[in-house]
Amino acid sequence: MNSPASPYRIITVCTGNICRSPMAEFMLGAALRIAGLSESAVVDSAGTTAWEVGRPIDPRAARVLDGHGLRSHQHIARQFEPAWYFERELILALDVDHYGHLREHAPSGTEEKVRMLREFDPAVAELDHLDQGIEDPWFGDQSDFETTWKLITAAVPGIVAHVRREIAAYGLPADA
């Protein structure tokens with residue numbers, strides 16, 4: 001962490017930051033609030049490319065989130081910045097391509113911060129990273145976004161448990 005008083009910072013990363021990573025950001029943010037960790041942990045998202053920078057969340061992703069009570073219309077896509085390797089404690093890749101890109105560009109000493117999001121899903125935690133990815137729903141239809149929701153949902157409890165352990169190790173309090 002940047003300092004003992006800083007929140008534990010998480011970033012979710014996909015290709016363009018309009019489908020998978022913002023879905024994961026809003027889902028994980030809600031789970032952290034429910035778990036009483038929103039004062040000690042924060043989550044944001046970005047893409048590995050600049051293809052979608054400045055654009056809103058994909059309407060199909062927004063529909064899924066809205067259907068679960070998560071408002072995402074303020075989201076604006078952005079590209080991952082190298083400084084964030086040092087400013088985030090956990091960098092969650094949504095697919096193996098993102099994982100490889102992030103690890104390849106990680107400055108020395110920050111590589112271990114990069115993890116596959118689905119490493120935290122007990123059903124696939126022991127699988128190779130190649131088998132832990134979430135395919136880009138952008139190429140599909142609304143049902144592909146529902147599948148993305150389900151795959152992220154399965155990993156969220158494991159991420160929250162990991163963050164809770166990390167916060168405790170840093171001595172940060174949970175929400176009052």
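Quick reminder: no glycine exception, Cβ is built from N, Cα and C everywhere.
Annotations in TrEMBL come from automatic prediction, not curation.
Copied over from TrEMBL, here are the features:
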ACT_SITE  Cys14  active site, nucleophile
ACT_SITE  Arg20  active site
ACT_SITE  Asp136  active site, proton donor
DOMAIN    8-162  domain 'Phosphotyrosine protein phosphatase I'
- Look up Arg20 (active site) in the DSSP assignment and reduce it to helix, strand or coil. helix
- Item | Those residues of the chain, 6+ apart, with a Cβ under 8 Å from that of Arg20 (active site) | Thr12, Cys14, Ala61, Leu94, Asp95, Ile134, Asp136, Pro137, Thr148, Ile152
- Query: When you measure from the Cβ of Cys14 (active site, nucleophile), how many other Cβ atoms are you left with inside 10 Å?
  - Reply: 32
- Message: Let me check the 10 A CB neighbour count of Asp136 (active site, proton donor). How many other CB atoms are there?
- Response: 17
- What does DSSP call the residue listed as 'active site, proton donor' in the simple three-state scheme? coil
